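Chemist: OK, TrEMBL features for this one:
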type	residues	note
ACT_SITE	Cys263	active site, nucleophile
BINDING	Asp30, Lys35, Thr86, Thr122, Glu155, Lys266, Arg331	NAD(+) binding site
BINDING	Phe152, Leu153, Arg154, Glu155, Lys207, Phe252, Leu253, His254, Ala255, Gly256, Gly260, Lys324	substrate binding site
DOMAIN	317-418	domain 'UDP-glucose/GDP-mannose dehydrogenase C-terminal'
Amino acid sequence: MKIAMIGSGYVGLVSGACLADFGHEVTCVDKAVDKIEALKRGEIPIFEPGLDQLVATNVKAGRLSFTTDLAGPVGEADVVFIAVGTPSRRGDGHADLSYVYGCAREIAAAVKGFTVVVTKSTVPVGTGDEVERIIRDTNPAADVVVVSNPEFLREGAAIGDFKRPDRIVIGIEDERAREPMTEVYRPLYLNQAPLLFTARRTSELIKYAGNAFLAMKITFINEMADLCERVGADVQDVARGIGLDGRIGSKFLHAGPGYGGSCFPKDTLALVKTAQDHDSPVRLIETTVAINDQRKRAMARKVVTAVGGDVRGKTIAILGLTFKPNTDDMREAPSLSIIQALQDAGATIRGYDPEGMEAAKGLLDNVTYTKDAYDCATGADALVIVTEWDAFRALDFPRLKTVMTAPVVVDLRNVYKAADVTRHGFAYASVGRGGLDRDIKIRDAAE
Ligand code: UDX
């Protein structure tokens with residue numbers, strides 16, 4: 001099949017490369033000339049494991065190409081994907097659909113023959129109706145069907161998620177879309193990934209409901225972690241204990257500094273707004289959003305407590321800046337709020353991240369960026385693990401002790417067992433493991 005992918009950002013690029021790998025002929029389109037030129041040279045603008053190789057292989061095979069021209073590839077395509085950004089609109093939290101609608105107008109003017117137009121971008125319920133209306137208004141002769149096909153890709157694992165999905169959700173209003181959409185995903189379908197056809201609005205809501213549920217699940221275990229610290233229980237065992245119940249499931253029950261990233265914060269907020277607009281508030285999600293916001297500042301307080309109640313004049317080393325490992329994405333990263341709060345309290349910050357430092361430099365002032373964990377820890381009064389990169393899972397604690405001013409580790413991702421760290425003479429605080437003496441002593445000392 002001939003596919004045009006409009007938008008060569010994270011979702012567009014991964015989806016385009018994977019679809020080309022299935023054997024389709026894919027053209028990735030983007031307005032950003034620099035980005036397209038870089039892609040043509042084989043440079044991948046984002047960090048995603050395996051993507052450079054996947055792009056190179058498919059470009060070489062002649063199945064994947066890049067252009068800034070929308071009309072050409074859309075005119076030839078059987079299926080056009082819209083994968084442009086839908087950021088939170090400044091001020092009101094609604095998803096900003098101007099790129100999607102702009103794209104719909106351009107597609108309308110360029111389509112030739114029967115074409116399936118698919119929104120892959122995360123869009124609020126009813127956007128498919130509006131895209132269809134825009135296309136019909138712009139070009140009444142256009143023979144199109146508009147489909148919703150949300151992505152469920154995790155950054156850092158996106159290629160695997162695309163190729164081995166739990167399910168593929170396809171929202172259609174016109175039966176003519178069924179056959180071409182089945183064809184697009186045939187390689188996955190043959191791998192038994194369930195293809196779930198629904199109404200278009202239902203499909204749009206599935207995406208938001210899914211992400212909101214996961215955000216709520218994380219927030220639930222984070223609140224349990226706080227309670228564990230109070231009552232002397234261990235949140236990892238609680239997570240294991242409840243997760244083994246098949247109805248609950250063990251994934252997304254890692255307590256930590258709160259969720260971040262390009263999806264959960266934006267999508268939960270957009271769902272809250274949509275629900276309010278339809279006079280059917282989703283109070284669980286409203287509360288989830290509020291708790292997650294507060295949590296990041298609470299993590300900064302945890303660090304302050306760990307160094308004895310006052311960070312003025314102290315140096316804090318932050319390991320991991322991105323919102324999660326295996327990405328260079330700093331969007332809504334918990335590190336941003338934690339560092340800001342620590343700076344407001346008077347701390348000097350040193351930071352290290354394997355991939356995120358370039359992006360971080362544009363977002364954080366007055367941080368000293370360092371070359372590795374040990375350089376970062378040098379002269380620090382506490383070492384804080386904010387993102388669980390593999391490189392931080394086997395730190396050389398004796399070496400850290402020689403370079404740090406005070407031996408204090410705050411592990412916001414529960415990477416270590418307390419004994420792994422304390423036996424080297426460190427004070428250790430983590431998340432939701434109240435059974436650990438040191439956590440309690442530190443807290444009691446502060447109160
Ligand atoms: C998410 C969804 O998983 C994906 O389906 C959707 O399409 C896009 O949004 P992503 O944002 O890449 O993907 O990351 P994910 O791995 O889901 O993690 C999101 C955030 O939650 C991270 O900050 C992560 O650290 C945090 N998290 C995740 C936890 O704190 N605990 C967990 O148990 C899981």
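Any Cβ shown, glycine's included, is placed from N, Cα and C.
Just so it is clear, the model here is predicted, and its values are computed rather than measured.
Could you tell me the structural context for the features on the list?
Modeler: Cys263 (active site, nucleophile) falls outside any helix or strand according to DSSP and counts as coil.
Secondary structure at Thr122 (NAD(+) binding site), as computed by DSSP, is coil. Residues near Thr122 (NAD(+) binding site) in space but far in sequence (CB under 8 A, at least 6 apart, same chain), listed by position: Thr86, Ala95, Pro150, Glu151, Lys207, Tyr208, Asn211, Cys263, Lys266, Asp267, Ala270.
Residue environment of Ala255 (substrate binding site) contains 27 other Cβ atoms, counted within 10 Å of its Cβ in all protein chains.
Per-class residue totals from DSSP over the domain 'UDP-glucose/GDP-mannose dehydrogenase C-terminal' (317-418), listed helix then strand then coil: 32 helix, 19 strand, 51 coil.
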Chemist: Do me a favour and check the Cα-Cα span between Arg331 (NAD(+) binding site) and Gly260 (substrate binding site); whole Å is fine.
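Modeler: That separation, Cα to Cα, works out to 7 Å.
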Chemist: Kindly assign Lys35 (NAD(+) binding site) to one of the three DSSP-derived states: helix, strand or coil.
Modeler: helix
Chemist: Which binding-site residues among Thr86, Gly260, Lys266 have CB under 6 Å of ligand 1?
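Modeler: From Thr86, Gly260, Lys266, counting a Cβ under 6 Å from ligand 1 as near, the near ones are Gly260.
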Chemist: For the domain 'UDP-glucose/GDP-mannose dehydrogenase C-terminal' (317-418), would you mind checking the mean pLDDT of the predicted model?
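Modeler: Its mean pLDDT is 97.
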Chemist: Going by Cα-Cα distance, which of the binding-site residues (Leu253, Ala255, Gly260) sits nearest to Glu155 (NAD(+) binding site)?
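Modeler: Nearest in space to Glu155 (NAD(+) binding site), counting only the binding-site residues, is Gly260.
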Chemist: Between Ala255 (substrate binding site) and Lys35 (NAD(+) binding site), how many Å separate their Cα atoms?
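Modeler: Rounded to the nearest whole number, the Cα-Cα distance is 37 Å.
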Chemist: Given the binding-site residues Lys35, Arg154, Lys207, Lys266, which one's Cβ is surrounded by the fewest other Cβ atoms within 10 Å?
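Modeler: Output over binding-site residues Lys35, Arg154, Lys207, Lys266: least Cβ neighbours within 10 Å is Arg154.
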